[in-house]
């Protein structure tokens, strides 16, 4: 039976269940769980001081009215003195600390001090704010409360008046109250894990609140977090529940109207036996029972408060789930053991930290043992090890009690998690807490997915995909894809690629997941550190459509994203997201603070709830998600999404383009390198998929290159690759083959160039079959005109015709410049003008040719981005300038000079045609890059040239005022010196006054150097000029020139390594240019231009790109092509995965993982390792137990009948009375604990619905045959309303002497299903063994109390009437009832009135006129179980035995079934009746579920 349900089953008539948990509203839930209210209140105080005073006044009036304290009202002198030697009352306080009336003579004079009589409640006088003097100046909250204060009042105080958010998780930390030593590493792990889970989930941490032991450890963990965290991360909520009477210096906290704030001094040296409050806790609840110095007063109130909070429900996206709670245990003593036992009994999962000492280590040592192996001697041994100092104080009864409690704790394995440092993959406490919550969640009964959903969010928050895969995504719970959408969004934003992969494996379809609202939400939560976020902000601020009255922070729309993406992809693409028609949709503001998405997903749930009514999907959701991941440079996430993409080659190339553009603007070098590496990876992916396609079908693969992709801005794969400069992709053999085919047009690529040249020179040869065509119609039956058109429109022919034309133009141009340049232009010169005009028309055609409709400005920018176009425009403008000067007689010669210079530019233009050559093409690139090298080299060279030239000029020449000669001397001569032209006069040897002008008056001679006129010798220091010359030549000729050569060599090597790629890449531009160029060469091209002018300007025919380079396919053809591409993409991914597995590094990693798995398997405890073998042994043991019991019954019967003497009785093994003789109705699963075959529920220490505590009975002491000398159970018999139908009360045996056992006593049947039972001292003994309690308890009679449980079942059917199935098996429905104040559903059975056949509960839901017919159904029903029922109300002298009868209706139209349905009704208001699907996770009492499991097994149905 589930622990939380055990104590609820103990009502007088099985119907008294506890009430439903109350439901609280979600108080101001925000998406960020980490935002603390203390910080909110702090800012609120700063802004609203008057409101703060009102709040204090409200608190001062509310708390005294609703919260009380306790005061001793009568002084009874104690035999003990205080630490100061003063006389104290038995409450622990002195005379001075009592009220004045308490020390006066009173009516209680002479009586013994009783807290129930001598302690009274009064309005509390200690509450408000607290500040720890000398330490942190943060304001804390505190309140003094009575130990009897309702939990609802305290919870109201915390959530409403203290302003705490409703927690998403409750962490109760318990353990050693005194300081203890922990290993530094374990201490660090504990602190880090505790803070991580609290910060991530928005949890409340509840401790004892004192500055010692585990509470101090928690406080220091919170302190370290506060010191290292930012303001936005908020404050952890740490609540200390301490005993008021043990708080040192508590007098300073008392003030009738509250203290705002109270100053508290942390005085550890003077605290004595008391304790100080911990300064690192945020809130304190000080529990008062009117005593002083008594520890443990807060435990009951803390337990009730934690249970109350955990029973509250919190709205999560329209679904109410309970607040999960977990107990974390460090070290500890008897109190800690009691706390763990209570926690597990109430269904609270516990995490025990092994290595922390004492109780925690004792439990950790035995946690993996079967309960039957946890014996008194074993616990005694463990206590002697871990409690060495106080072991001698342990009495036998105390050891027995500890053994019983530890057995109960270990028995609830689903609620116990042991954290072992560095084992089982647990590297932090937060993982152990997550596992504990998951284990507890799996053991709970519930209908919906809300519990699983919450655990999944925790797993995502802590990034434990392994736990989610093994503990959450299992066959026992089927996830709907829509249920995973909020968590999927959380995983995406928090960059958890493994979780995204897991969700995709479990049915999430990206096409259904990505809606406009989801996509917008994702972009609103971009990582602020990524470059795309800043670019998006810039676009938002500069949005021209933003209204003038708009707020400071503009609203994000998807067209803003499209604008940034178009900047990255290029203007040749269309916007990916259109502008909305209406801009009034409510959106979040941006910039959005980067919130680490919290696990509760409230905003996500509300997002999906809001969009569920009008879901609008994007055109390509996978593309949208891929872009979102790529712009944030998330490698693994993008890879997972790309694997799901449809248009995968275009997607990979687009990703490469985006990443390369982002890397150019990224300032962080590491990020830029990562982007370039990722861009290269996606280029390789595109190559890999295209290779697979090309191998399969060349024609279809080439269609993929030119297919217009609507999803990527109506562009093609080839365009994306060219714009991204993906040279490796463009140089792929398949793409080059396609370009070659385009280059040759309709000609066959097998034609040699010599054939083409011959046909160009003598085109009649076309009719001879010298040229072959690709199409058979041209090759075989083509007309001469068609063959000529196909030949002369081929780009290769157009190219060579243009080359011939251009060479003719240059020759004619050179002839005119050198031979025939007349004042009046000759016909040759006029031909040049016409020729140039045709070139101008062609450049204008290229400029205005806009098939992609980019617009004139963008097309012009794209045109001038090409170097050769710039050179063309420069040459044309220079020609126009020269022509203008040439036509003016006065400037004829300058015109000729300009035209001569222009001839150089036209000759340089020849290099463009060399790009088609594999040899010369890369050399042009080398020249371009070397020119850049020279440009930067000149800066270094200019430093030496100018410095030497100026120094030389100043030393040699005095006051040279002629600018031309000054430039010659300072710069020109110094530059010529580099090439060996050394001035002769620099050393004075070749000085000749006749070669210079002494005064500088001769314009054709330089000025003479400084010289001695008398001796005709130079006067300047010759040694200095020679030394300068030597140094100058050393640095320029040797150092700088060799540096330039090295730079050229590096550039050459760089280009030479990629010669093939560069040539293949740049030949595309030439091919595309001549593919779209008119066939006729200049100047005949003017005819084609005239035709184009008529079509475009006169007829308004739009320009269209040739289908050979950009082809828009039909929908059906495109869908088939993309499906084919997807299929081959999967092949590529499989091959890639296989290749990765074949790598040595991967093989080593796989071997390492297998070894680790094997080690883990060997380290598992025997229970887990044996698996199914243990289940078989348990089943065998059950059968043996049943056989032994039958033998015992036979022996007893024969002996009672006198068939044998006492001496002849065979000696049998002692009957383990609770060996599960078909006793699964006792609330345990068949294989729960192999060897733990005693009744369990009947030995729980706390008896249901009363304060009675049983005597602890460990497993080994259950059989009556086992000696148990200290066994002294209490006697308890409860009062019942039906006194006439029950046995006499009291602990005296006289009234019980009239009861006759083992027979039918009047109307009451006192016979046991297990045969005659022993009667000792007038009381019957439970045949299953000791329970720890004597008397009748809350049952109606001594001995067996017979009950009946009818299981009314039918087949579950769908709308068509067919029987539903699950895992092949048919599904049953059972009739269940839920009465007022009960939490669980139950079978309509239980106890019966003496002489009656129908249970009382069944009569309450069945009309009286139908009772006889139902009795007949019971008589005809199938008896499923008959025997002892392990119930928490059982005692040594009274127990429950039950009969379970199955009443099954095979046909849905059964007359009796219809009659039963019509006669069902609820006599009690609030009672519910329904048909419940039979499943092992339904919320039904565990005893009843076991009975139901037997019935399902009988029918072979699903359970």
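Cβ atoms here come from the backbone N, Cα and C positions, even for glycine.
Taken from Swiss-Prot as is:
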type: DISULFID; residues: 996-1008; note: disulfide bond
type: DOMAIN; residues: 1354-1498; note: domain 'Nudix hydrolase'
type: REGION; residues: 1-20; note: region 'Disordered'
type: REGION; residues: 1206-1237; note: region 'Disordered'
type: MOTIF; residues: 979-982; note: motif 'Selectivity filter'
type: MOTIF; residues: 1390-1411; note: motif 'Nudix box'
type: TOPO_DOM; residues: 1-752; note: topological domain 'Cytoplasmic'
type: TOPO_DOM; residues: 770-795; note: topological domain 'Cytoplasmic'
type: TOPO_DOM; residues: 849-867; note: topological domain 'Cytoplasmic'
type: TOPO_DOM; residues: 918-929; note: topological domain 'Cytoplasmic'
type: TOPO_DOM; residues: 1045-1079; note: topological domain 'Cytoplasmic'
type: TOPO_DOM; residues: 1099-1503; note: topological domain 'Cytoplasmic'
type: TRANSMEM; residues: 796-816; note: transmembrane segment
type: TRANSMEM; residues: 828-848; note: transmembrane segment
type: TRANSMEM; residues: 868-888; note: transmembrane segment
type: TRANSMEM; residues: 897-917; note: transmembrane segment
type: TRANSMEM; residues: 930-950; note: transmembrane segment
type: TRANSMEM; residues: 1023-1044; note: transmembrane segment
By DSSP, what is the split of the motif 'Nudix box' (1390-1411) into helix, strand and coil residues? 10 helix, 3 strand, 9 coil
Do any residues of this chain, six or more beyond the ends of the transmembrane segment (897-917), have a C-beta under 8 angstroms from a C-beta of it, and if so which? 799, 803, 806, 809-810, 813-814, 817, 868, 871-872, 874-875, 878-879, 881-883, 885-886, 923-924, 927, 1063, 1066-1067, 1069-1070
With a Cβ cut-off under 8 Å, give me the same-chain residues at least six positions beyond the ends of the topological domain 'Cytoplasmic' (918-929) that come close to it. 867, 911, 1051-1052, 1054-1056, 1059-1060, 1062-1063, 1066-1067
For the motif 'Selectivity filter' (979-982), the number of residues DSSP places in helix, strand and coil: 0 helix, 0 strand, 4 coil
Look at the disulfide-bonded residues 996, 1008 and tell me which residue has the greatest number of other C-beta atoms within 10 angstroms of its C-beta. 1008
Across the topological domain 'Cytoplasmic' (918-929), DSSP labelling yields 10 helix, 0 strand, 2 coil
Quickly jot the same-chain residues contacting the topological domain 'Cytoplasmic' (1045-1079) by Cβ under 8 Å, restricted to those at least six beyond its ends, or write none. 718, 722, 725, 727-728, 730-731, 736, 739, 742-743, 792-793, 795-799, 801-802, 842, 845-846, 849, 866, 912-913, 915-918, 921-922, 925-926, 929-930, 933, 937, 1085, 1088-1089, 1092, 1105-1106, 1108-1109
Considering every residue in the topological domain 'Cytoplasmic' (770-795), what is the mean pLDDT value? 75
